[in-house]
């Protein structure tokens, strides 16, 4: 009985895909419409990234994909700017915008509600 159980378990694990992250992926594209290829990330890649390099305010080059160690970054250069954004859910790098994590969103909503209540009580 144990043998059958382990055989079924091994078959299930072999056939069942892991819960890998999916990110949009492209290299050196001029706009987001050209960055709609979906990439299945490896299990050690826990974030999606979008890299935008804007040169002289005229040309923007976009790259997207999976990353194992992503850090938001922004650097200004003499002739342009580089901006890297990271996110952590399936297909979250659709346009490179930051997505607020739930604790951040909850904190902002709490502050906003407090300000609204405080302001209405002073009227």
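Note: Cβ is positioned from N, Cα and C throughout, glycine not excepted.
Feature annotation from Swiss-Prot assigns disulfide bond to 23-48 (among others); the stated evidence is similarity to another entry. Counting every protein chain shown, 29 other Cβ atoms lie within 10 Å of the Cβ of residue 48 (disulfide bond).
Marked as disulfide bond by Swiss-Prot: 26-35 (among others). Under the DSSP three-state reduction, residue 26 (disulfide bond) is assigned to strand.
Just so you know, the Cβ of residue 41 (disulfide bond) picks up 19 other Cβ atoms within 10 Å once every protein chain is counted. If you look up Swiss-Prot, you'll see 41-66 (among others) marked as disulfide bond.
According to its DSSP assignment, residue 86 (disulfide bond) is in a strand. Per Swiss-Prot, disulfide bond is recorded for 70-86 (among others).
Residues or ranges marked as disulfide bond by Swiss-Prot on the basis of similarity to another entry: 87-92 (among others).
According to DSSP, the domain 'UPAR/Ly6' (21-95) comprises 3 helix, 43 strand, 29 coil. Taken from Swiss-Prot, the feature domain 'UPAR/Ly6' applies to 21-95.
According to Swiss-Prot, the N-linked glycosylation site annotation covers 40, on the basis of sequence analysis. Close to residue 40 (N-linked glycosylation site) in the fold, though at least 6 residues off in sequence, lie 20, 21, 22, each with a CB less than 8 Å from its CB.
Annotation for residue 95 (GPI-anchor amidated asparagine): spatial neighbours 32, 50, criterion Cβ-Cβ under 8 Å with sequence separation of six or more. Positions annotated as GPI-anchor amidated asparagine by Swiss-Prot, on the basis of similarity to another entry: 95.
Annotation source Swiss-Prot lists signal peptide at 1-20.
Residues within less than 8 Å, Cβ to Cβ, of residue 70 (disulfide bond) and separated from it by at least 6 positions along the same chain comprise 47, 48, 49, 84, 86.
For residue 35 (disulfide bond), the spatially nearest entry among the disulfide-bonded residues 23, 41, 66 is 23, judged by CA separation.
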